[in-house]
Amino acid sequence: MTRKRTYWVPNSSGGLVNRGIDIGDDMVSGLIYKTYTLQDGPWSQQERNPEAPGRAAVPPWGKYDAALRTMIPFRPKPRFPAPQPLDNAGLFSYLTVSWLTPLMIQSLRSRLDENTIPPLSVHDASDKNVQRLHRLWEEEVSRRGIEKASVLLVMLRFQRTRLIFDALLGICFCIASVLGPILIIPKILEYSEEQLGNVVHGVGLCFALFLSECVKSLSFSSSWIINQRTAIRFRAAVSSFAFEKLIQFKSVIHITSGEAISFFTGDVNYLFEGVCYGPLVLITCASLVICSISSYFIIGYTAFIAILCYLLVFPLAVFMTRMAVKAQHHTSEVSDQRIRVTSEVLTCIKLIKMYTWEKPFAKIIEDLRRKERKLLEKCGLVQSLTSITLFIIPTVATAVWVLIHTSLKLKLTASMAFSMLASLNLLRLSVFFVPIAVKGLTNSKSAVMRFKKFFLQESPVFYVQTLQDPSKALVFEEATLSWQQTCPGIVNGALELERNGHASEGMTRPRDALGPEEEGNSLGPELHKINLVVSKGMMLGVCGNTGSGKSSLLSAILEEMHLLEGSVGVQGSLAYVPQQAWIVSGNIRENILMGGAYDKARYLQVLHCCSLNRDLELLPFGDMTEIGERGLNLSGGQKQRISLARAVYSDRQIYLLDDPLSAVDAHVGKHIFEECIKKTLRGKTVVLVTHQLQYLEFCGQIILLENGKICENGTHSELMQKKGKYAQLIQKMHKEATSDMLQDTAKIAEKPKVESQALATSLEESLNGNAVPEHQLTQEEEMEEGSLSWRVYHHYIQAAGGYMVSCIIFFFVVLIVFLTIFSFWWLSYWLEQGSGTNSSRESNGTMADLGNIADNPQLSFYQLVYGLNALLLICVGVCSSGIFTKVTRKASTALHNKLFNKVFRCPMSFFDTIPIGRLLNCFAGDLEQLDQLLPIFSEQFLVLSLMVIAVLLIVSVLSPYILLMGAIIMVICFIYYMMFKKAIGVFKRLENYSRSPLFSHILNSLQGLSSIHVYGKTEDFISQFKRLTDAQNNYLLLFLSSTRWMALRLEIMTNLVTLAVALFVAFGISSTPYSFKVMAVNIVLQLASSFQATARIGLETEAQFTAVERILQYMKMCVSEAPLHMEGTSCPQGWPQHGEIIFQDYHMKYRDNTPTVLHGINLTIRGHEVVGIVGRTGSGKSSLGMALFRLVEPMAGRILIDGVDICSIGLEDLRSKLSVIPQDPVLLSGTIRFNLDPFDRHTDQQIWDALERTFLTKAISKFPKKLHTDVVENGGNFSVGERQLLCIARAVLRNSKIILIDEATASIDMETDTLIQRTIREAFQGCTVLVIAHRVTTVLNCDHILVMGNGKVVEFDRPEVLRKKPGSLFAALMATATSSLR
């Protein structure tokens, strides 16, 4: 029998996919989700039909119904188990974590993966918990007011009931911990000294001890389970709440992508730790009270000396933890900066490679890492000292108490001493909880203060009014709008832009892909006194110079700006096409549908009017082709047309088009304008922002913007009659068109990255198939299986300094354990000597009374050895902490630098197939594990594992039978551990891998806020975030529960060793000295908790090593491109002098599994020439640029520059001699000067000269900081046109002999473009200039024209020759462009 089941599984591209039998599709946030049918299995479930509205069943116990059902001791398994077995667990199953047993057993039979793992319980999912958090916060605000509302109280209320149960279990744990040592063990020892005792009584005592230890184990395990599940719920609620607050804004200017990742990985985890570990304070306090009372009754007032030593640990632990948190705060600042720079470098890797900036940027990141490492060492040293202090403090406290007690000549016998030590055992365990609890609470407190800003953040002000007049679509009345901040303080104090110098006070524009065009960094309003009325069905044309406020006008309609005065009114639904297209990871169809229903006829019509048919035929899988992160394998024109198709398919009433025709050639531009804008959108209201003036005469209304004001408004004929600036622009356009026979502001052709990858099938056939194509662009992230290989540990040890260093660390840990055990043995030996007046004698039926050790004549000697041992233990512990901290941080830094250098040296094909979010997961999430968690767990594992071995050796001294039984139990435990750790490893790996799609989703959401809001997909993106968060939380909860599942069972089995020792003490070892019996029983009581802790921390340590495994996996994937410098080969002095470029039978393909894109190119470009490169989509023109920079290596043939084969020299030697002006303008965070001259190779005067040549001097001079004006992430505080001008200034400053201009003036108005062309001719005089798909005026002025087709040279001659040549392809392109002007 089969049943319907839905799974949401994260995939490598940042979305969710399934693996199973497809039943149906569901579009959410541009990604596809499936419903499956699976055979009955452990997690099969019955299909549940939705209940009719208003008939939802009310649980009999209200909100506590599910929790109270858990109190039923045994609950029969339902016929169809719930998706999460925890929901149907009874009390016994819950306490023993037995609900997880079927899944653990299944891991032995078959492979665990996303399909076989049950989904997260609805009680733990984001939906339910974020609603509860919202409700609790609203209640808090209604009671106390917004100013006095406490997030901490909301947190406490969120977990109040569960906290009460946790406290009850903690008290049970404390009572059970004291019951055995104080009441039962003395009876067992007393029984062992009797000659004739009741056997049943003795066995009963031993089993009573065993039972009390089992109760202790169960109560402690249950307490952890409650805390972990509560923390998962709060984590889900907090994450969803923050994301909902973040995404409600249509533009976010106060948080960058790196900072967003840092918040959702850092602060959210701090809150998780606070909820999970904070309740341990209750156990610690209860332990302190119980131990103080019991110790006083055993030994008297001197017991408080030991208690005082433990009490001193608490403020010491708090102090050290606060120091660690403070150091961690400073470390986080540097870490955030490193992650931000890494994110930008990976995003702009193509530009960095073409400009040979790898070494300087690698040095910047390595310097940040070096600074981060120093802070990590400070933080790690405090953490390590805290950990070691808590391990040795019981020994030191015991030594101080014994020394003072004996110095006061107070009575102390073996029975009194070990009863006292047994009483302190509980405090010994509880003291380990102090730093965990204090750190969790301290970190969560600071996270709460930062998170409170999300709570207190008011919703954005929606100023757009709905018009009542149905004849009007848009109305501006005296509207003045600005980009001033609307959501200050949204991120934590460590991440604020102003404090980190990322943005100045005036930088208040959105950081997404909108690209507002007004003058950046201006403190005044960007739009002044706008008065505008657009009738319904009207096409409004918007023109103006670069930075005049055109894009800001659209942003004002989208409610992304701040309305200072006046009003804005809209009537009808909106569609928006941004200047820089926003693409969702997935396939083309998903991007166009954007969650809408698939209508084939309408879909085909949209493809036709947006001129996508031919592109889909060229793409390997048609519209099902995966287009990668940010549309990596598409040209700018293809991305723009997909964005336009999305808008047209959405069928809205008002269309906001931000220069959509700038990224397409003349033929395509004319087709889109005629078929899409004029025909398909007929009857719709269209606001068309454009630099292509030839289309404005078809607009019903035209406005000309200048400095944020409407300087001209009317129809085309009206404005021409006024003979104002608009008329001058049009006349200039026609004058140039007449003189050159052609004037076009659109591009000749566009740049594809998947050139010539044509299918034999037709478009219609490609649209009929729904099968997911294989061999897609984005590589699926491979997850290792099974246990970690020795190779992982070997590489980590090598990174740490080698095996010699590891042996030194191991020696120090062995010494710590030896001194700890020696302290126990020496005290036992000392007690055995008694008063020294009577010789040691064996027990012969009466309890041995060796007298008061304070009366021993050699008291000073025993005290000296005991005290020196404690001092030596402290010194060794401090030295061990220092060395361990240095070594572990050296290892993580070495792995970081090695990975980064390897990734940096990868070819571009690597970055085309690996999402940036996945790489950031390595440099952020995985590295954080190596820096923060792995050192803590590995140090604890070393100490505890050696301690367990030492305890077993001591216990074995009592009897070889105990050793035999202990060995058998330990072997069983080891086999048990090895069998089931596979499942635990799978859970941890899945949790690690599930972070990548979550990161990608956050990045994608921040980049596309405008489109998300305008298409009404906010709820879809929130839902997807919740699904991704629930997937991660599910794996995290299963990992935590599985470690507790194994730890509990191992602890129960080690309790059997305690039972065995008790039986042997009671019945079998009368010849053993009494003091050694007592010592053995006291030590073995620590074995159960120590052994399970060793196993659990061992699992945690191995889980943290999966981060090393992932880093090594990426290192293995990284195949370096050619060396930067060739040994034994150097470029001629002053090369290249002429700039002559020769292609000789050149063949090229992008990757091994892709078609050839350049076929036998034979071409000679003479030095100092300007060559225009044109051709249709897929012709291979952009591939020439890739070949010239050796971003792709040749299959055959070669390229010569001034007679030098470019493959015979290093990449840096080649690329440093070339310059590029890219199609997509790239600016990095920093200053304007940094973006133009990142490494201070030019003077300020030279930079100002370059800015003057690109007509930016006036704009930059307005800023108070001039060249040191800050640039936010992605250059978000500059318009796209301004970014283009800065990129041109960068190339001018570089002054190379060969220049590649790749569609560099697409987003610049025609007047500025004319000036820029003059600048390029003057600045690059004497250089070889290759102009790919530039405006036709520039191509006509070139010395030669190269026409590409199907990866071959079709034509190459002077423009005037090609224009007159019959049948010339260039002439046909010119004719098409000319017709677009008519």
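Every residue gets a Cβ built from N, Cα and C, even glycine.
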Glu344 vs Ala1107, membrane side identical per Swiss-Prot
yes
List, by number or range, the same-chain residues at least 6 past the transmembrane segment (952-972) whose CB is under 8 A from its CB atoms?
821, 824-825, 1053-1054, 1056-1057, 1060-1061, 1064-1065, 1068-1069, 1072, 1076-1077, 1079-1080, 1083-1084, 1087
Counting Cβ pairs under 8 Å that sit 6 or more residues apart, are there three or more between the transmembrane segment (418-438) and the transmembrane segment (384-404)?
yes
Can you check which residue among the binding-site residues Gly1175, Gly1180 has the largest number of Cβ atoms within 10 Å of its own?
Gly1175
Counting only residues 6+ away from its ends, which parts of the chain sit with a Cβ under 8 Å from the transmembrane segment (1050-1070)?
188-189, 191-192, 199, 202-203, 205-207, 209-210, 213-214, 217, 221, 842-843, 955, 958-959, 961-962, 965-966, 969, 972-973, 976-977, 1077, 1080-1081, 1084-1085, 1087-1089, 1091-1092, 1095
Ranking 271-291, 297-317, 384-404, 864-884, 931-951 by Cβ pairs under 8 Å to the transmembrane segment (164-184) puts first 271-291
Least surrounded, by Cβ count within 10 Å, of the binding-site residues Arg1176, Lys1181 is Arg1176
Across the topological domain 'Extracellular' (292-296), DSSP labelling yields 5 helix, 0 strand, 0 coil
Positions whose Cβ lies under 8 angstroms from the topological domain 'Extracellular' (292-296), at least six residues beyond its ends
178, 182, 303-304, 306-307, 420, 423-424
Could you say whether, by DSSP, Gly1175 (ATP 2 binding site) belongs to a helix, a strand or a coil region?
strand
With every protein chain in view, what's the tally of Cβ atoms within 10 Å of the Cβ of Ser1182 (ATP 2 binding site), excluding that atom itself?
26
Tell me the Cβ neighbour count for Ser1179 (ATP 2 binding site), meaning other Cβ atoms within 10 Å of its Cβ, over all protein chains shown.
25
Mind checking which residues reach the transmembrane segment (297-317)? Cβ under 8 Å, same chain, six or more beyond either end.
182, 284, 288, 291, 386, 389-390, 393, 396-398, 400-401, 404-405, 408, 410, 412, 416, 419-420, 423-424, 427, 431, 434-435, 438
